[in-house]
Amino acid sequence: MSDAMIKVALIGNPNTGKTSLFNHLTGLNQKVGNYPGITVDKKTGICKLSKTQKATILDLPGTYSLNASSADEKITIDTLNDATNEFSPDVAVVVTDVEQLKRNLLVFTQVKDLEIPTLLVINMADRMQSRGISLNIPQLEADLNTKIIVISSKLQTGIDDLKEAIISYTSLSTERCISAGKIENNTITHPELLTSLSAIELKKVQHRETIIRYQFINAALKKSYKIDRSKASDLQAKLDRIFTHKIFGYVIFGVLLLLIFQVIFEWSSVPMEFIDGAFGSLADWTKETLPEGMFTNLLAEGIIAGLGGIVIFIPQIAFLFLFIAILEESGYMSRVVFLMDKIMRRFGLSGKSVVPLISGAACAIPAIMATRNIESWKERLITILVTPFITCSARLPVYAILIALVIPSERVFWIFNWQGITLMALYIIGFAMALLSAYILHKTLKIESKSYFVVEMPKYKVPLFKNVAFTVIEKTKTFVFEAGKIILAISIILWVLASVGVNEKFDNADAIITESVSKNGFNEIQEVSLNNKVIRFKQSLADEASEAGKTITAQEINSAIAEKTPEFRQAVIDDEISALRLENSALGTIGKAIEPAIKPLGYDWKIGIALVSSFAAREVFIGTLATIYSVGSEGDDEEANTIKAKMESEVHASSGKKVFTFASGISLLLFYAFAMQCMSTLAIVKRETNGWKWPMVQLFGMTAIAYVAGLIAYQLLK
């Protein structure tokens, strides 16, 4: 061929060794300038390819794609796409990292579509053996329709082969990797679209183009790119052999989860008790300080009680996001994705579904949106339908309060307790139901589609405190503010409904209860309530004496009780008046209408109201009960005014038995594990599936499963 200077453009993602290769090729024969009109560096150099042949090497800025969204990307596309540009190359050399080949090949397919001779350089060959990577070069060359050179910038191997390939560039095919008809509105080959399309349309077009390119890349790599971790020898490979082991990998993941759930309960208990008590005290202070009236009652019994029902769970939510962020930042979560792929395939899914399912542990909404990366429509639809079974952060407040109420805190195996184990069991149950549902849908949905799965393992690294802290703060803030808005609105509505009477009993509750007590004395249920107040008072006296290092005699205790008994009796009467008013309010009427349907599950009408209101968002359940139990209540001490204490002391009006027993608690836990209690999720499913058919299937299906599970649990355990 001619000895004229060959113009070569080096292209590639950042950190692929492109600049190191540029230095090897040009040595000291390089210069740095600026591209016309901008301050981005332009590096060029002279490379001696043979005794008679030289090349001008242009090191283009590192870029992840040619979809021009930055000055660097615009330089690259302008240089490659404009034959009149003085830097327009005779041959393009795309440099890739052998460990990140899938991601790096996106740029290669885009450059190849420009129909200029293109060489593919696979760098970091020195790492292939230690990483257990094998490449079928002839197969990959055939699939990509190009010449491939494997090099090592570190060891300087393959450089001479690259020089020879550059000399012979005219023999390279200029055909596209992906035929023109497959990509509609290709902005790489038709740059005029960048100005003719709106910003939103442009993003959609580029997103569709990227998906098509990755489908092509995945299919090519599936045949020619293999990673055998058993043959790898570096530290990462050794860790991977442990973390992705077919037995130990699952054991390690299970133990990690158990430790996380245990820590969530252990570390958050103290701040939660403090927050709960603080909101109870704030409500009491509000009633005592502000003038009596509707506004004071709304503030104390509606707004403060409702918001307290969500703020109390900030510690648990923050700890959950903390551990998820650490697992993601460290690189371990990618190993979980790889590990779970083997299980997923048995249920009609693949490892691609793991990312949305794991993301569902934070929130189902972004998790469902993440299914857009799944090419198979059938697999994507199934993932969308089963993701809400995964325990999200909104379920955690419900789980936490119910577990604390009905599950003992006794320790098991020294560091674990039954509460932490129960929380983990609920996560496992949700995941198991997601898999079972996926299997049934896979067998019943008559949709033909193919799927494949390629995952790149990022390197292990120590999580950066700044990144973890930012993730925890942002996600916790989002959860609290999003939930807070809903809870505030619902708390006000509930308080108004509870304050409006529907019959004479509401208006005359004071006279009815006072007359009943004066005629008949306390009934059995009222006596139990009085005794509970006395028991709590005795315990508080003993605790105060113990803290002060004093001894209190039985006579002193009895004397104090006798002095406080009239106050306790009046508190019982006040509670009865509040209960009668609530039962005969608009809210009580609605609850009574619901009660027959939920009574077989062990729930009363107050829980029914909480179930209905929490359809807006699951976490509203606790805020609703906090509001209902606060309406008109006057606690005899601070401890009795906490949410947990009010739920613990709640009894059925007819039998006097506790509402929250082991049986009803387990029933409620299972109901919330399976129920679709989130309007926002339904709206997202409607958008992602283009209609109301699948959201309705999801809603009624999950509700039926939840009802049956709760019914069976209560009937077996009561």
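Cβ coordinates are placed from backbone N, Cα and C, and glycine is handled just like the others.
The domain 'FeoB-type G' annotation in TrEMBL covers 5-172.
TrEMBL lists 12-19, 37-41, 59-62, 123-126 with the feature GTP binding site. The secondary structure of M124 (GTP binding site), as reduced to three states from DSSP, is coil rather than helix or strand. Listed in sequence order, the residues of the same chain lying 6 or more apart from M124 (GTP binding site) and placing their CB within less than 8 Å of its CB are G17, D97, V98, E99, S152, S153, K154.
In the three-state DSSP reading, N23 (Mg(2+) binding site) counts as helix. Summarising the environment of N23 (Mg(2+) binding site), the number of other Cβ atoms within 10 Å of its Cβ, over all protein chains shown, is 16. If you look up TrEMBL, you'll see N23, T26, G27 marked as Mg(2+) binding site.
Beyond its flanks by at least six residues, the transmembrane segment (247-265) meets 316, 319-320, 323, 327, 335-336, 339, 400, 403, 415-417, 419-421, 423-424, 427 of its own chain at Cβ-Cβ distances under 8 Å. Among the features that TrEMBL reports, transmembrane segment is placed at 247-265 (among others).
Residues 256, 260, 263-265, 267-268, 271-272, 275-276, 279-280, 282-283, 286, 333, 336, 361-362, 393, 396-397, 400, 463, 467-468, 471-472, 475-476, 479-480, 483-484, 487-488, 490-492, 494, 619, 622-627, 629-630, 643 of the same chain, all 6+ positions outside the transmembrane segment (303-327), place their C-beta atoms under 8 angstroms from a C-beta of that stretch. For 303-327 (among others), the entry in TrEMBL reads transmembrane segment.
Annotated transmembrane segment per TrEMBL: 347-369 (among others), in sequence order.
Same-chain residues lying 6+ beyond the ends of the transmembrane segment (381-408) with a Cβ under 8 Å from its Cβ atoms: 265, 268, 272, 309-310, 312-313, 316-317, 320-321, 348-349, 353, 356-358, 360-364, 367-368, 371, 374, 418-419, 422-423, 426-427, 430-431, 433-435, 437-438, 441-442, 445, 447, 475, 479, 483, 614, 617-619, 621-622, 643-644, 647-648, 660-662, 664-666, 668-669, 672-674, 676, 678, 681, 685, 688-689, 694, 697-698, 702. If you look up TrEMBL, you'll see 381-408 (among others) marked as transmembrane segment.
If you look up TrEMBL, you'll see 420-441 (among others) marked as transmembrane segment. For the transmembrane segment (420-441), the list of distant contacts is 257-258, 261-262, 264-266, 343-344, 346-349, 353, 357, 361, 381-383, 385-387, 389-391, 395, 399-400, 403, 407, 412, 669-670, 673-674, 701, 705: same-chain residues at least six beyond its ends, Cβ to Cβ under 8 Å.
Among the features that TrEMBL reports, transmembrane segment is placed at 479-498 (among others).
Annotated transmembrane segment per TrEMBL: 659-685 (among others), in sequence order.
The feature transmembrane segment is assigned by TrEMBL to 697-717 (among others).
Note on the transmembrane segment (347-369): residues 320-321, 324, 333, 336-338, 340-341, 379, 382-384, 386-388, 390-394, 427, 431, 434-436, 438-439, 441-443, 451-453, 455, 475, 479, 678, 680-681, 684-685, 688 of its chain, located 6 or more positions outside it, place their CB under 8 angstroms from a CB of the stretch. A Cβ distance under 8 Å defines the sequence-distant neighbours of the transmembrane segment (697-717), meaning residues of its chain 6+ beyond its ends; these are 385, 388-389, 433, 437, 600-602, 662-664, 666-668, 670-676, 682, 685. Counting only same-chain residues 6+ beyond the ends of the transmembrane segment (659-685), those with a CB under 8 A from a CB of the stretch are 364-365, 368-369, 384-385, 388-389, 391, 394-395, 398-399, 402-403, 405-407, 422, 426, 429-430, 433, 601-604, 606-607, 611, 614-618, 621, 647-648, 650-652, 694-695, 698-699, 702-703, 705-707, 709-711, 713-714, 717-718.
There are 21 other CB atoms within 10 A of the CB of P61 (GTP binding site), with all protein chains counted.
Taking only the Cα positions, the spacing between P61 (GTP binding site) and T26 (Mg(2+) binding site) is 17 angstrom. The average pLDDT for the domain 'FeoB-type G' (5-172) in the predicted structure is 83. Following the DSSP three-state reduction, the secondary structure of K18 (GTP binding site) is helix. Take the binding-site residues N15, T26: by the count of other Cβ atoms within 10 Å of each Cβ, the lowest one is N15. Just so you know, of the binding-site residues G12, G27, the Cβ with the fewest other Cβ atoms around it within 10 Å is the one at G27.
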